[in-house]
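Enquirer: Per Swiss-Prot, NAD(+) binding site is recorded for Thr134, Thr135, Lys147, Lys156, and the stated evidence type is sequence analysis. Per Swiss-Prot, Zn(2+) binding site is recorded for Glu189, His254, His271, and the stated evidence type is sequence analysis.
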Amino acid sequence: MNKRKILVPLGNKSYEVTIEAGILNNISEELLKIGITKNRKILVISNEEISNFYGEKFLNDLKDNKFQVQMFLIKAGESYKNLKTLSEIYDVAFEFGLDRNSIIIALGGGIVGDVSGFAAATWLRGIEYIQIPTTLLSMVDSSVGGKTGVNHPKGKNLIGAFNQPKAVFIDPETLKSLPKREFSAGMAEVIKYGVIRDKELFEYLEIEKNKNELINLKNEYLIKIINSSIKTKSYIVSQDEHENGVRAILNYGHSFGHVIENLCGYGKFLHGEAISIGMNIAGEIAIDKGLWSKEELERQKNLLKSYDLPTEIPKINKEDVLTILMGDKKVRNGKMRFILPKEIGVVDIYDDVEDALFLKFFS
């Protein structure tokens, strides 16, 4: 089946994720289906690279169907996910006359989606927005679940809001324009879903034929893993929208991943690459706590490596690691919470991990 639809069930904030090869070519038709009427103002937020591939055709499709359209391009890179960029979006929104009946469309990767969603949450106290993710990482992770925000010099995503999109449209064809390294980074999040809740997906990713077809970007295989990943995320988000409990398991590998991104400088590692290393650290801690076996850690490590992901821990100062971890949003009552694996497909939340258990992995 070429088209998949997944409901994210959140009461009056529920929405559908539609996965279909080529859906980007007739986006106006999809907007009309979900009740976005003609003549509404649409601010499309993207970046230069994505705009070069899809921008003109995308805007023309909207204009031809009588939508009023403006585009804003975010500079590529984590360093531009900040309040200055947000302020520039507000300026464009004001000049364009974006009102409460208007809509923002995020066309791009995770940075575009995060900033767009937060702009939508805060402009006029909130307007609707749609996610059209164009990277594997944003397809399976950041476009679903409503986490939006920008970075602060003191840490990643410290300024943000939970803001669910009106809809998510995913076109696996856009992955063909990605550098291979970006695709690999997205695979870290897919593998994460396998470790935290979907043993079947993990085993699917281990099969050599599937690996080859995925690396060669075959739509049928891409749709399968995107669909599986989003089903897991949708289920978890529906249980715990605001991350007060079980949703924290989606952060497997992320606490240490954010440390690595922050201390190595945003840009040295892509987000997915940092998460891959973070998953490896969590796996090592799980062995020290007697939670899972060395064989399972090796399976995780080998799978990450097979999709060209790093697992070696960079040299980082121990004191800096503690400082960053204590500033993490996942700290509760002064205690750090870690997501650790018990077996492939099962993880749990722990707040009893002594500093020495993880600091030994850093120089």
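Backbone N, Cα and C define each Cβ position, glycine as well.
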Enquirer: Within 10 Å of the Cβ of Lys147 (NAD(+) binding site), how many other Cβ atoms are there?
Expert: 23
Enquirer: Among all protein chains shown, how many Cβ atoms are found within 10 Å of the Cβ of Thr135 (NAD(+) binding site), not counting that one?
Expert: 29
Enquirer: Excluding Glu189, His254, His271, please set out which residues of the same chain place their CB within 8 Å of the center of the CB atoms of the Zn(2+) site, keeping sequence order.
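Expert: Here the non-site neighbours turn out to be Leu137, Asp141, Ala188, Lys192, Gly253, Gly257, Gly272, Ala274, Ile275, Gly278.
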Enquirer: I'd like to know which of the binding-site residues His254, His271 has the most other Cβ atoms within 10 Å of its Cβ.
Expert: His271
Enquirer: Measuring Cα to Cα, how many Å separate Lys156 (NAD(+) binding site) from Glu189 (Zn(2+) binding site)?
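Expert: Just about 18 Å between their Cα atoms.
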Enquirer: Check Thr135 (NAD(+) binding site) against DSSP and tell me helix, strand or coil, would you?
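Expert: In the DSSP reduction, Thr135 (NAD(+) binding site) maps to coil.
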Enquirer: Whole-number Å distance between the CA of His254 (Zn(2+) binding site) and the CA of Thr135 (NAD(+) binding site)?
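Expert: Counting only the Cα atoms, the answer is 18 Å.
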